[in-house]
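Undergrad: According to Swiss-Prot, the protein carries these features:
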type: ACT_SITE; residues: Asp145; note: active site, proton donor/acceptor
type: BINDING; residues: Asn7, Glu378; note: Mg(2+) binding site
type: BINDING; residues: Lys14, His203, Ala204, Gly205, Asn206, Gly207, Asp278, Ala279, Arg280, Gly326, Met327, Gly328, Glu329, Asn330; note: ATP binding site
type: BINDING; residues: Arg88; note: substrate binding site
type: SITE; residues: His177; note: site 'Transition state stabilizer'
type: SITE; residues: Arg236; note: site 'Transition state stabilizer'
Amino acid sequence: MKIISVNAGSSSLKFKLFDMPKEELIFSGLIEKIGDQKSIFSLSYGNTKKETIMPVLNHQQAVKLLLDSLQINKIIDNLEEIKGVGHRIVQGGELFKDSVVLTEENILKIESLNDLAPLHNYANVLGIKAFEKNIPNIFQVGVFDTTFHQTIKQENFSYAIPYEWYQKYKIRKYGFHGISYKYVSNRTSEILANKDSKIIVCHAGNGVSLCAIEGNNSVDTSMGFTPLEGVPMGTRSGNIDPTIIEFISYKENKSIKEIMNILNKKSGFLGVSGVSNDARDIEISLQNGNKRSLLAHDVQIKRICDYIGSYYFLLKGIDALVFTAGMGENSSLFRKKIIQRLSFLGVFLDDEFNNSKGERIISTSNSFFKVLVIPTNEEIEIVREVCKIKN
């Protein structure tokens, strides 16, 4: 059974085609700069990789290009072979506790949450409607980044603000990276052979968050009402004193919108280092003696350890600490600096395993809890959800 996973952005469409239930990746690609005369269409299947520059004016045209390419490259004979499409949707609010079939009613509910994620949800719906137009009556499922965190208790998701703000506007912690956390949590349970395991997962890419998980349920997470809350990231500030916004507005004569743009897109690694938002560039720079790059790195490491300590206390001890996503999977320095700060908990790295690749345990056998690296796979988790609902 062939299922497509889709991640639609405002000017991009990322997709992967899987043969299920074998979970075999058949075809993948990315369409960038949608709405431009020089859109970039990249695709990959088998040993073949292609890139084409061409005008792609909207998401409907992007989906048609994807579907046509599947037939042109003889990946499928006809569109009837595609049995379902799973869409990553960023914000499900309190309306969605699990993945859902994308009926007209559910699409309207997703659109009603646009205030909570104006850029993301709008783009996600463009992707949904584009598939509807190209393959009428195709079975589509929405898989939300927020639903994994719907198990968080009210004392953990509430802000100490006027309660009417929550009642009127649903201002609360929602958390993100939930699709990744679900995949990694399930995989960790398999490795530990313990469905009730208590783990802390550090999802560290350009966006960074942590999650305390018990029995495959989210207990708390570092991102909040938006992905800006939590630890410093590639371009996001993470937690700051809110009065800084008013202070900078007065000092630099900037609007709130301008300052929020700086906190989202010009802070984090980029803001502190002045070098880059990319962790790889930061590591090269700090190893070459750049003090601001070292500061940017150390500030992030310190804040991550703050959350690990908090969640360790919340869970009353853990079975494992898990690293995933870009930095989490690929940076041995990142992991080493964190574990060094946690050594008082009785956890130590095996340097050989820390410096190797792939899914593995990287802690020593005498460590008080295990440290794992598990490459995330959000696309697989999305198509699994499609199959679960379809069946």
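Numbers run from 1 along the shown chain.
Quick reminder: no glycine exception, Cβ is built from N, Cα and C everywhere.
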Undergrad: Compare the Cα of Asn206 (ATP binding site) against each of the recorded positions Arg88, His177, Arg236 and report the nearest.
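TA: That would be Arg236, nearest by Cα distance.
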Undergrad: Around Ala204 (ATP binding site), how many other CB atoms lie within 10 A of its CB?
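TA: A 10 Å sphere around the Cβ of Ala204 (ATP binding site) contains 27 other Cβ atoms.
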Undergrad: What's the most sparsely packed of the recorded positions Lys14, Arg88, Arg236, Arg280, counting other C-beta atoms within 10 A?
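TA: The recorded positions Lys14, Arg88, Arg236, Arg280 were compared, and Arg280 has the fewest Cβ atoms within 10 Å.
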Undergrad: Three states by DSSP: which one describes Arg280 (ATP binding site)?
TA: helix
Undergrad: Could you say which of the recorded positions Asp145, Glu329, Glu378 has its Cβ with the most other Cβ atoms inside 10 Å?
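TA: Ranked by Cβ atoms within 10 Å, first place goes to Asp145.
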Undergrad: Please classify the secondary structure at Asn206 (ATP binding site) using three-state DSSP.
TA: coil
Undergrad: What's the CA-CA gap between Glu378 (Mg(2+) binding site) and Arg236 (site 'Transition state stabilizer') in angstrom, rounded?
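TA: That comes out at 22 Å between the alpha carbons.
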Undergrad: Let me make sure I understand the structure: which of the binding-site residues listed (Asn7, Asn206) has the fewest other Cβ atoms within 10 A of its Cβ?
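TA: Comparing Cβ neighbours within 10 Å for the binding-site residues Asn7, Asn206, Asn206 has the fewest.
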Undergrad: Widest Cα span across the ATP binders Lys14, His203, Ala204, Gly205, Asn206, Gly207, Asp278, Ala279, Arg280, Gly326, Met327, Gly328, Glu329, Asn330, in Å?
TA: 23
Undergrad: Please work out the number of neighbouring Cβ atoms within 10 Å of the Cβ of Met327 (ATP binding site), leaving out its own Cβ.
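TA: By my count, 24.
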